[in-house]
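Peer 1: Just dropping this structure here.
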Amino acid sequence: GALREGYEHFDPRAYLRNNYLPPRADFSSEEFVVPWKLRCLAETFASGEIRGRTLIDVGSGPTIYQLLSACDHFEEIVATDYLAVNREELGRWARGEPGAFDWSPFIQHVCKIEGRGEPWQDKERRLRQRLRRILPIDVHRPEPLGAPLRPRADALLSAFCLEAVSPDRASFQRALAHVGTLLRPGGHAVLLGALGESFYLAGPARLPVVPLQESDVREALAAAGFALRELRSYAMPPALRTGVDDVDGVFFAHAQK
C-alpha cells in the first residue's frame, strides 16, 4: 500500500541530511537529539552486560551511528535493511569508498563520551571490520530474514525502524515479535524510536509512521515476550522541529528476552 509506495521513493541522502546534519546532529550540547541518542547507547553498552558473538541491527537504514558503542562488545555485527539503496549506502561506508556519508563527527563524539581516550580512527576501523554482513530484511514476515539466523543473535538493536514501517500499533507489535525470533532467549534488545510521529520526509518520499506513546512501547515489548529493563524518553525541542517530520520525541528502551 502507501507504505511500500513511499519507500520506493526513499532517498537515503535526503534522510541523512534531514536527521544527521545540524541542527539535529549538533554535538555542542547534550540538549540536541543526536547526542542524547548516542549517550543512551554509550551508557547502556558501558555496563558490559550486553555482549556476545553476534549483534543484529534491524532496519539499519543508511546509518551506522547506532552501532558505535555496541561494536566493542561483539565479534560480528549484522546490519539489515529492506531497501537496496540503504544497503548500498552502508556498503559504501563499510568499504571506505569516496562519497560515503561522513560519520567521523559521530565517531569522535562517541569516543569522547566513552572516555577511554581511544583514537576515533581505531573505533571506525573496528566497526568496519566487524560489520561483516548487510542483509535484506522484512520485519512483517514471521521469518524476517527469510531463514533463521544461526546461531541466534546475542543482542538485537533497532533504531527508528519498526514504527516507521507499521501502519498501526498491532502491526508494530507483530513486527517486534517477528524480529524477537532472531534473538536467543536471555538476549538483550535495545530500541530507539519515535514518539508521537505520524510522518517523515526523505526526498520525494513522505513516509507514514504509527504514532506511539511510551505505554505502547511497554505493551509491545511485554506482548513480544520481553522484560523491560529501562525506558527513557526525550522531548523534541522547538528548534529541532524542522518540518521534516512531526515527531514529538524519542524513546530509548533496553529489554531482555
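In case you wondered, yes, glycine gets a Cβ from its N, Cα and C as well.
As listed in TrEMBL for this protein:
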type: BINDING; residues: Tyr15, Tyr20, Gly59, Ser60, Tyr65, Asp81, Asn86, Asp138, Val139; note: S-adenosyl-L-methionine binding site
Peer 1: Taking the residues Tyr15, Tyr20, Gly59, Ser60, Tyr65, Asp81, Asn86, Asp138, Val139 listed for S-adenosyl-L-methionine, what is the greatest CA to CA distance in Å, to the nearest whole number?
Peer 2: 24
Peer 1: Using other CB atoms within 10 angstroms as the count, which residue among the binding-site residues Tyr15, Tyr65 scores least?
Peer 2: Tyr65
